[in-house]
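Trainee: There's a structure below that I have some questions on.
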Amino acid sequence: MQKRVVVLLLDSFGIGASEDAKDFGDFGANTLGNIAKACFNNLANSNDRNGALKLPYLESLGLGLSALKATNELPLGFESKPNLIGAYAYAKELSSAKDTISGHWEMMGAPVLFEWGYFKDKTHSFPKEILDEIMHKTKIKGYLGNCHASGTEIIKDLGEKHLETLYPIFYTSADSVFQIAAHEEKFGLDNLYALCEEVFQILEPLKIARVIARPFIGANREDFKRTAKRKDYAIKPHKKLLFEKFIEEKQGEVISIGKIADIYAHVGITQKFKAGSLMELCDVTLDQVKNAKNNSLIFTNFVHFDSDYGHRRDISGYANALEYFDTRLKEVLENLKENDLLILCADHGCDPSFKGTDHTREYIPVLFYHKDLQPAFLGKSESFADIGQSIAYFLGLSPLDYGKNLLKFKGQP
């Protein structure tokens, strides 16, 4: 029997601080819960939305109940007895991190059980010897930044100086990352990508997970804005991924939508589709759900929840984006084929009500839909790898090294 899997990952959509959140400075974080609370109390109203958070299709898959199991609190405004059509769980992260790559790798069978390299100093973040090597190997004449920063704020602060000097803007965060912002037209997109490739080669031995190209446009601080031509240069996964097993054992198609291919360093990806906005990501995903052949795994990362709303601590914007996504989820559900398995999950938290601008260490929702799957609570997962192991079971692949299968279909003992 031919099968397809559709994975929709809402980047940063955590459902409550995990038991080790205090170790990460994230005690009290709850991305979903705090958004729902603000909405319920009319503190997230805008021209685009108002009132309680309305996510009927996510609720029908078990989102609210998953959050209830994780935190012992039902998100405000959610139904305690929704019309449940999905099976649901919640998962903690085995990897000792709260970044995009660790979360994604773990769910496909490669938890990060080593320490990433980090740039922990808030100012003068990058060691002089690294900066000297970058200057020497890339021939750039100088750089700006060299600090922890919000990507949108640093281009406001340094964008005009960048246009005067054409020095790239270097910055980082609490994640294992080196980010480079430059003007897409004046500095040049190809020049930015080439610079990032060189920097990635320099930093790879230090286990820096990603170098990210952050192009922007505009003429002054009032109208600088990042473009959709971001590019991630990531370390290759250290273990065989579910994707590779699917290709080797079943000759499957692995379809990346959004930044999935970059996150996995393009390992095990057979088709790639980029998209600029949340609407475009939904459109491309729906098109693949309608048209991808059998024996396919469709995987979309919905980055805007994280980049546009979580990091920017925009509660109303996050709520509005969730409500829009929920309307598009309805279309996905209506267009699933007879033997499709749908999975919704996240990779970490990024609570827009929380201090700072960084990710938050949280449980994630794990929501399944298949016509033969009994709607039920599937338990607490001790690793995001349970997602990949469940997919491997569904597709008839050999087991992954990590995780356990969560799926139990109607008629099974």
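Every residue gets a Cβ built from N, Cα and C, even glycine.
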Trainee: If Swiss-Prot says ASP306, HIS311 bind Mn(2+) 2, which of HIS359, HIS370 does it name for the same site?
Mentor: HIS359
Trainee: In whole Å, note down how far the CA of HIS311 (Mn(2+) 2 binding site) lies from the CA of ASP11 (Mn(2+) 1 binding site).
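Mentor: Spelling it out, the Cα of ASP11 (Mn(2+) 1 binding site) and the Cα of HIS311 (Mn(2+) 2 binding site) are 11 Å apart.
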Trainee: Taking each of the binding-site residues HIS311, HIS348, HIS359 in turn and counting other Cβ atoms within 10 Å of its Cβ, which one has the fewest?
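Mentor: Ranked by other Cβ atoms within 10 Å, the binding-site residues HIS311, HIS348, HIS359 bottom out at HIS311.
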Trainee: Rounded to an integer, what is the Cα-Cα distance in Å between HIS359 (Mn(2+) 2 binding site) and HIS348 (Mn(2+) 1 binding site)?
Mentor: 7
Trainee: Setting ASP306, HIS311, HIS359 aside, what same-chain residues sit with their Cβ within 8 Å of the center of the Cβ atoms that define the Mn(2+) 2 site, listed in sequence order?
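Mentor: Filtered neighbour residues, in order: ASP11, SER12, SER307, GLY310, HIS348, CYS350, THR357, ASP358.
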Trainee: Tell me whether ASP347 (Mn(2+) 1 binding site) sits in a helix, a strand or coil according to DSSP.
Mentor: coil
